[in-house]
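Before any comments, here is the structure.
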Amino acid sequence: MDFSNFSLFIGRFHPLLVHLPIGFIFVVYIIEIAEHFKLIEYTKKVVKLILLSGGVSGIITCVLGYFLGSGESDYDFESIQLHQWLGIITTLVVFGAYFLKEKDNQFYKPSLGLLFILLSATGHMGGNLTHGSTYLTQYAPIKFNQQPNEFERPEITAVEEAQVFGDLVYPILETKCISCHNEEKKKGNLSLTSKASILKGGKNGAFVVAGNSAKSSFIERISLPHHHEDIMPPEGKKPLSDQDIALITFWIDQGMGSFDTTLVALSPDEKLEEIALQRLGFKASKSSYAFEAIDPAIITQLKENHFEIRELIVGSNALDVSISKKIDIHKGIQALELIKNNILWLDLKEQDVNGEDLKKIGQYTHLVKLNLSKTSIEDNDLMALKGLQNLEVINLHSTNISDEGLEILKGMPSIKKIYSWNTNVGKHLAKVD
């Protein structure tokens with residue numbers, strides 16, 4: 001029998017049994033708190049027995065953790081060493097609390113406080129090793145001091161700004177791959193948290209072969225049958241969808257594995273373009289909206305008058321519109337009356353928009369995304385948008401909007417995202433999903 005394989009087999013019981021000593025210790029906390037408030041009476045022997053059980057199970061857990069850390073090469077060495085030593089120290093403090101309880105020593109209760117701190121630190125470190133360092137704080141309403149993310153992207157206000165990797169591929173990796181492939185846990189010696197680590201690949205060599213998805217182990221692994229032992233993500237985790245795989249394949253084949261190439265530069269086919277636009281927050285398609293064609297002369301005239309107009313999906317007549325600061329915004333919005341039923345995205349940032357303008361925009365029945373950042377709009381002006389049943393995203397950053405205005409928008413069932421930083425909105429309302 002191969003001892004290294006057997007020790008790894010035993011070691012993999014560590015994540016299961018690690019909860020046992022934690023449970024014993026928290027039972028002690030419950031008993032001590034209940035006794036302090038005279039809710040129960042107990043004997044010292046009961047607490048000693050529970051502490052002893054916690055210490056013994058802690059030793060077993062440490063041994064299993066050692067076997068796991070020695071057999072798995074996927075973990076960061078320094079991180080796992082720190083986790084192991086914290087576990088050992090925690091176990092020693094449990095035995096220390098046991099002997100302090102035996103002697104009725106005054107340091108017994110402080111030892112329980114120290115034990116709580118050690119449990120929290122050790123457990124958090126173990127969670128980081130299993131799920132990645134951002135797992136706990138990723139969706140927190142307040143952003144903590146996280147490691148810089150070189151793939152972090154600003155809000156996309158125009159299709160031309162969208163990058164294939166940063167805006168379409170990386171979000172897939174972040175939600176379905178990075179928990180196993182990060183700097184703390186490099187399963188297969190592969191990290192997907194930086195350009196350098198992606199290009200470096202893992203223990204089997206190159207992960208992405210630019211221009212050739214058929215030879216890229218990335219595509220091979222995510223396309224395996226669901227029950228295959230080498231599939232990514234592994235069985236038990238949510239697999240990549242056909243759309244996910246299509247976007248990643250497109251990035252490798254057409255984008256040549258570039259991290260900066262934009263979507264429009266690669267001219268995707270109609271099907272892939274629709275998938276991409278949906279991922280960027282656009283749900284409409286040619287089949288879901290029957291937009292009438294617009295007289296090309298009208299579009300040409302508007303463009304000549306400093307309007308930027310783009311078709312979101314080829315042949316859909318669905319438009320992304322922005323207005324240059326070179327023209328009077330009030331006259332500009334009036335001019336858009338001719339195409340208002342075709343506008344899905346409208347960018348009015350840094351414009352002198354007022355309440356009367358928003359009343360006109362409130363008639364853009366198919367509007368999905370509206371950018372009003374750095375404008376002078378007030379809370380009451382937003383009432384004009386209440387009738388927009390398809391509006392999903394609105395950008396209000398650097399405006400005078402307050403809690404009152406945000407409450408107006410939160411009453412709209414279609415709203416999914418509101419960008420409200422640098423406004424008068426309170427932190428308790430600053431996130432809307």
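Any Cβ shown, glycine's included, is placed from N, Cα and C.
Because TrEMBL annotations are produced automatically, they should be read as predictions rather than curated entries.
Small disclaimer: the values here were computed from a predicted structure and weren't measured.
Per TrEMBL, transmembrane segment is recorded for 16-34, 46-68, 80-100, 112-129. Residues or ranges marked as domain 'Cytochrome c' in TrEMBL: 161-256.
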- line: Contact set of the transmembrane segment (16-34) with the rest of its chain, CB cutoff 8 A exclusive, min separation 6+ beyond the ends, reads 40, 42, 46-47, 50-51, 53-55, 57-58, 60-61, 64-65, 91, 94, 97, 109, 112, 115-116, 119, 123, 126
Message: Same chain only, please: residues at least 6 beyond the ends of the transmembrane segment (112-129) with a C-beta under 8 Å from a C-beta of the stretch. Say none if there are none.
response: 18, 22, 25, 28-29, 32, 75-76, 79-80, 82-83, 86-87, 89-90, 93-94, 97, 135-136, 184-185
- prompt: Can you count helix, strand and coil residues in the domain 'Cytochrome c' (161-256) using DSSP?
  reply: 44 helix, 6 strand, 46 coil
- request: Report the mean pLDDT of the predicted model across the domain 'Cytochrome c' (161-256), rounded to a whole number.
  value: 88
